[in-house]
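For reference, TrEMBL has these:
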type	residues	note
ACT_SITE	HIS49	active site, GMP-histidine intermediate
BINDING	GLY7, GLY8, ALA9, ALA10, SER11, GLY12, LYS13, SER14, ARG50, GLU51, MET52, ARG53, GLU62, GLU83	GTP binding site
Amino acid sequence: MFILIAGGAASGKSELAEGICQKLCGGTKLYIATMDIPDHESELRVWRHREMRKGKDFDTLESPLCDRVDWEQVSLYGTVLLECMSNLLANEMFIGKKTSENATDDIIDYIRKLKRSVSNMIVVSNDVFGDMAGLDSFTVSYSKAIAEININLAEEADAVIESVYGIPVFRKGDVI
């Protein structure tokens, strides 16, 4: 099963994704963490997410870029949670120095490969599609790239869920 979960900042999408992983797989799951940790605020956010996963049988793979994944390790798991696609895109563009177009293509290919490697794949993404008036061209290209990736993933997903204030809104597929 392939599930895309999207929502705004602090919308409950992480907790929702982890809960779905628990329902899909009783055993050990792989959490692919994409956040780069350049500052104290990022460290706190990562710590909070690690605390949320405690006791839920997740192994964590820190992988801020598409090319930093151990495919042999991934294949050992039946269920993979990738959080968060938006961080992955930012990393590919800033750290990997890719254009938004190249980063988009690489991420879509990467997620497709992950999806083929496991039984259950859950991807968490952000909803950043509000008013883009007054934003610089780089931010606009980043936002458009997120939209393109989300559209591609939504087309391929068995279920698409929007997390709104912690409430799952099913946009595609049945209730899990």
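Quick reminder: no glycine exception, Cβ is built from N, Cα and C everywhere.
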Check your understanding: Non-local Cβ contacts of ARG50 (GTP binding site) (under 8 Å, 6 or more apart, same chain)?
Key -> THR60
Practice item. Sort out the sequence-distant neighbours of LYS13 (GTP binding site) for me: same chain, 6+ apart, CB within less than 8 Å of its CB, listed by position. Key: ILE5, ALA6, GLY7, VAL124, SER163
**Study point:** Of ALA9, SER11, HIS49, MET52, GLU62 (the recorded positions), the residue whose Cβ has the fewest other Cβ atoms within 10 Å
**Key:** ALA9
Review point. Where does SER11 (GTP binding site) sit by DSSP, helix, strand or coil?
Key: coil
Practice item. Sorry to bug you, but what's the C-alpha spacing from the residue listed as 'active site, GMP-histidine intermediate' to GLU62 (GTP binding site), rounded to the closest Å? Key: 13
Check your understanding: Do you know offhand how many angstrom separate ALA9 (GTP binding site) and HIS49 (active site, GMP-histidine intermediate) by C-alpha?
Key -> 14
